[in-house]
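Participant: Here's a structure for you.
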Amino acid sequence: MESLVNKYVSRTSPTSLVIGKGFVPNMQVPGKVFANATLQKLLLEEASQLESGSTGSFIPSLAQVANVAALPGIVGESIAMPDVHSGYGFAIGNVAAFDMDDPSSIISPGGVGFDINCGVRMLRTNLKEEDVRPVQERLAQNLFDHIPVGVGSKSLVGASTYSDIDHILNYGIDWALREGYAWPEDKELCEEQGRIVKADANHVSQKAKGRGMSQLGTLGAGNHYAEVQVVEEVFDATSAAVLGLEKGTVCMMIHSGSRGLGHQIASETVTKMESLQEQMDIQVNDRQLVCARIQSKEGEEYLSAMNAAANFAYANRSIMTFLARQAFAKTFNATPDDLDMNLVYDVSHNIAKEEMHILNGEVRRLLVHRKGATRAFGPFHPLIPAAYQTIGQPALVGGTMGTASYVLLGTDEGMKTAFGSTCHGAGRALSRSKSRAMINSMDVAKQLRNANVSARVASSHLLAEEAPQSYKDVFEVVQTCEEARLSRAAVRMKPVVVAKG
């Protein structure tokens, strides 16, 4: 008997696979997976578990991408980025767009993720590698001391009342500007200018607000990090100059999101939607794809609460930027302004956004779910900051602990083939439990020392969970995006200092 994979999955180019209708029931559109031969092998090995019946509750990412293709109102294709891996409902790395003018179209918390507006912010400095190397241990400790990290980390600054948290949920970075945690120019270099207007704090529960109040300005745990980097290779000197980067430039990435507040919103919404699923008459292949019609009361309330959580995340990263600037100032005995610690960009990779796209020659109003995928609009798109109009939207791609990170740029081709999206990182190859079982934390610490990377972690087991071996090769991921013309590489950075939860 022919296997499901052999029957329905086919390679259409060196960088893409198509999942044909029939791979799972009720597919409305095909699935499309961007993967080169190396990454394809990992995906197909995982999918082979479907035939063996050994998946248990685990659903391989190819099947998850196909299940999303069966959701009501989806248009185009259910798309997976090269860093795709299995997640809750939607695969991490899945992009799916739904027609907002179609009454049947849905919004799904599983298509956003529990860490709403998890994203990456990048700062640059006027420092060079030779300035940092003599003091990198001191810088590592200062960052670790200034930015609260780890599970249960508590805010050192920020909101003290529910009125404060409501303002943050409704106004995002504008609150940080008012309180002196952000520079005016930071706002211009954030996706959505750091504030999504269609947010409503009234749709966020008191419990979620309470969690946010205690965690504002904290990094969290897992794959979240604050990392000092050095630009080690420039692929496009003209674009790099526009970004304010050149070989040897010291920069910093902060990877975090909406913390417990976003998780609480997602959990409450999933529970609420599950109880109404039969009433709303929505059929899904996987109960983790629980959803609501976009135009329903439940859909509209989740969208406004999700946007509020996104605003919280913008404020959260703004406060950590303030704390990072203080840590650098203490280390180098200079002001952040003297160090030219300007924002390069701030991007989300866990969100659903209302966007206009051309589909089959028509302009359509779509709700684009990007879960573990980065928006990467091409040059001259009106939503790109004025400074970056000629080069395309920057997409900040973190590697793994101890490996390279990249700044990619959006392309016109990516607008046509992936709703203006690209990858967000390396993508897990091993689960956290497998990583802990197979990888020795002390060995990882030694690897980091040998690579001249100063690391600070709140929990030693994270060294194994976040080891490079736990992830796909970020070079393969970025190269696939470039060959598929989803994005193009501007610069590559190597790590010098990393702080994790």
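Here the Cβ of each residue, glycine as well, is placed from N, Cα and C on the backbone.
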Participant: In TrEMBL, the residues Asp115, Cys118 are said to bind Mn(2+) 1. Which of His203, His224, His357, His369 is said to bind at that same site?
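Facilitator: That Mn(2+) 1 site, as TrEMBL gives it, pairs Asp115, Cys118 with His224.
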Participant: Given TrEMBL annotates Cys118, His349 as Mn(2+) 2-binding, which of His255, His263 belongs to that site as well?
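Facilitator: Looking at His255, His263, the one TrEMBL places in the Mn(2+) 2 site next to Cys118, His349 is His255.
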Participant: Considering only the binding-site residues Asp115, Cys118, His255, His349, Asn350, which residue has the minimal Cα-Cα separation from His424 (active site, GMP-histidine intermediate)?
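Facilitator: Ranked by Cα distance from His424 (active site, GMP-histidine intermediate), first place goes to His349.
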Participant: Indicate whether Ala226 (GMP binding site) is helix, strand or coil by DSSP.
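Facilitator: Assignment for Ala226 (GMP binding site) reads strand.
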Participant: Cα within 10 Å of His349 (Mn(2+) 2 binding site) is the criterion; apply it to the binding-site residues Cys118, Asn223, His224, Ala226, Gly427 and give the hits in sequence order.
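Facilitator: Qualifying among Cys118, Asn223, His224, Ala226, Gly427: Cys118.
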Participant: For the Mn(2+) 1 site given as Asp115, Cys118, His224, which other residues of the same chain have their Cβ within 8 Å of the site's Cβ centre?
Facilitator: Gly119, Gly220, Gly222, Asn223, His255, Ser256, Gly257, Ser258, Arg259, Asn350
Participant: Please work out the number of neighbouring Cβ atoms within 10 Å of the Cβ of His424 (active site, GMP-histidine intermediate), leaving out its own Cβ.
Facilitator: 29
